[in-house]
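Before any comments, here is the structure.
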Amino acid sequence: MADEVALALQAAGSPSAAAAMEAASQPADEPLRKRPRRDGPGLGRSPGEPSAAVAPAAAGCEAASAAAPAALWREAAGAAASAEREAPATAVAGDGDNGSGLRREPRAADDFDDDEGEEEDEAAAAAAAAAIGYRDNLLLTDGLLTNGFHSCESDDDDRTSHASSSDWTPRPRIGPYTFVQQHLMIGTDPRTILKDLLPETIPPPELDDMTLWQIVINILSEPPKRKKRKDINTIEDAVKLLQECKKIIVLTGAGVSVSCGIPDFRSRDGIYARLAVDFPDLPDPQAMFDIEYFRKDPRPFFKFAKEIYPGQFQPSLCHKFIALSDKEGKLLRNYTQNIDTLEQVAGIQRILQCHGSFATASCLICKYKVDCEAVRGDIFNQVVPRCPRCPADEPLAIMKPEIVFFGENLPEQFHRAMKYDKDEVDLLIVIGSSLKVRPVALIPSSIPHEVPQILINREPLPHLHFDVELLGDCDVIINELCHRLGGEYAKLCCNPVKLSEITEKPPRPQKELVHLSELPPTPLHISEDSSSPERTVPQDSSVIATLVDQATNNNVNDLEVSESSCVEEKPQEVQTSRNVENINVENPDFKAVGSSTADKNERTSVAETVRKCWPNRLAKEQISKRLEGNQYLFVPPNRYIFHGAEVYSDSEDDVLSSSSCGSNSDSGTCQSPSLEEPLEDESEIEEFYNGLEDDTERPECAGGSGFGADGGDQEVVNEAIATRQELTDVNYPSDKS
């Protein structure tokens, strides 16, 4: 049947079907040949839609909520359609060609893992790919998009590079492809599968079955996540590892450069906020680093470049710590996502800049390459630097710093280095990165799982399992580690005070307790819907009326209740009639506010906003703000909270929660981990597969799902839910965290 479907698609002019059938005809022990280039937009994407920087399909599924906008699903579908492309690969260091003229080496068949039953699964995968119109290299995890860092669409690139994340990421075992193939044979509706995988997500009706099956395959093809080692938990364990390990990989993000004075990018007064005033057509922060937008208007990027150009900043304590590890021969490699070149300033030799840097610039047309000093004058004078060798009337003869833009490739040496380093590393340390951008985000799951892993970051990463979590300002944590390591490391310390450990959460400050005691005690009960818990907030009519008047006069969008409150609330979408029915106000004076119907509706909506925001303001606070100057908090079994940690506490039940919870984490991790023990992930995909196994055990369902024959799938897919990351939170190259 798969052959018939593929032939039908081929007859209809589908090049993907022909590619899939060609893949199915290859010997099973040979790597799949790269597909020929196909021009035009991917499935699920209109011709006018940009193709650069699309998040993975599963991330798109997560971003689409129960009332999922069709645009988000179309973006997820576009990612699914592009998922079979080669993972990023760009010019080798020294070529400086911004993505063309790449070197290609043939890949040997033994580059791939030889799992038992591999040949049978490759044949099944090819048949499934043919049946749904999928192309030939979907089998490998390198097909998953990396938030825009995918292979260029030029023919030259297709001919010249094979380096990709498939060289070093674990390969999924048998399962998802046979599963999809057999469900295709029995005519299963892919929407029923997606409903089980993502129960709160509703795909728009206009998406066809082939696109939906592609999304299913992407979700099920995630590599297995590492599980925490139970024998490594404390900061003492971390210090011992730093003393004993000789081949340490340090993965750094924007957090290591915060203390250097580099301007913030996304804050209210950050770089993007200021650029948006000068360039109102800049749609979002991502566009500044989109290669297509750069070709149309490079001015926003060069205005940004002036603010972080090399030579203006000095390395942080984190940089110096890594440099000393390198000097002592303990550093295997520092993989940095930053573009500020502070690693070189600090003297780190074994450095790999995953997303390029400002160190060099090259022409978009002729690839002429220069040092950063050659274009410094133009950038600081806010003149777009031009290539001296190209004709003056060539509009694209621009000297672009060799930073990896969305829509460009990652350096080929990144993939080659990871292919070697993954088998050599004896300790992984992640500093100042939330690991949201691939393929760098795949590193913790791609090295041997027995290798210890330490996180040093402002917030926890619920989608990954680190052995020791040191949460807070990176320099504060590194300073404490240097004290404990002693010797040359102690000389790096910028703060001579060694911190003391506490194991009980400090009480709320007395000043704040007095403030809370003065709040009106009378409760106001709001039942948002039949399934939501009842909330209790102060009812005093004078307080509420004052806040309502303030919000009405200043516009509800300008009402500042707290920095973190009501982030996900959408009061403009709340039905006024429902608010009136569900708000039980005892004071008649509040009911009489407003004279006209429009005024009542507006004030009712604002009151709803105030009531929703008020509990959040009072309930959540950063635990680190309760710490004294020389303290850090130990939260068993493996979490430490230092100053600057973005870990919050509910005042009522003293439950810790992360600012990232619910936005960039798995569904099982968005509950607040308690003070006693952080919660573990509980995958919804695990429940999905458990249900399928139960079905296959029944006589009437035996063989019906087509999944029971895939033995070994559940172990892999149980850990595959890390696909549900935030679609819209795409970071720029120096903040790929």
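Placement of Cβ uses the backbone N, Cα and C atoms for every residue, glycine included.
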N6-acetyllysine: annotated position in Swiss-Prot, out of LYS230, LYS511, LYS625:
LYS230
Looking at 138-145, 362-369, 474-481, which one does Swiss-Prot call motif 'Nuclear export signal'?
138-145
If you check Swiss-Prot, which of SER154, SER577, SER665 turns up marked as phosphoserine?
SER154
Hey, which of SER541, SER562, SER649 does Swiss-Prot call phosphoserine?
SER649
Have a look around GLN337 (NAD(+) binding site) and count the other CB atoms within 10 A of its CB, chains all included.
26
Long-range Cβ neighbours of the region 'Required for interaction with the sumoylated form of CCAR2' (248-251) (under 8 Å; 6 or more residues past either end):
242, 322, 325, 330-337, 421, 425-431, 433, 435, 440, 443, 447
Largest tally of Cβ atoms lying within 10 Å of a Cβ, found at which of the recorded positions ARG458, LYS505:
ARG458
Measure from the Cα of GLY253 (NAD(+) binding site) to the Cα of every one of the modified residues CYS387, LYS505, SER649, then give the nearest.
SER649
A 10 Å Cβ contact count, applied to the binding-site residues GLY253, GLY261, GLY432: which residue has the minimum?
GLY261
Among the recorded positions SER257, SER649, whose Cβ has the fewest other Cβ atoms within 10 Å?
SER649
Return the member of CYS387, LYS505, SER649 nearest to GLY432 (NAD(+) binding site) in space, with distance defined Cα to Cα and candidates limited to these modified residues.
SER649
When a 10 Å sphere is centred on the Cβ of CYS387 (S-nitrosocysteine), how many other Cβ atoms does it contain?
22
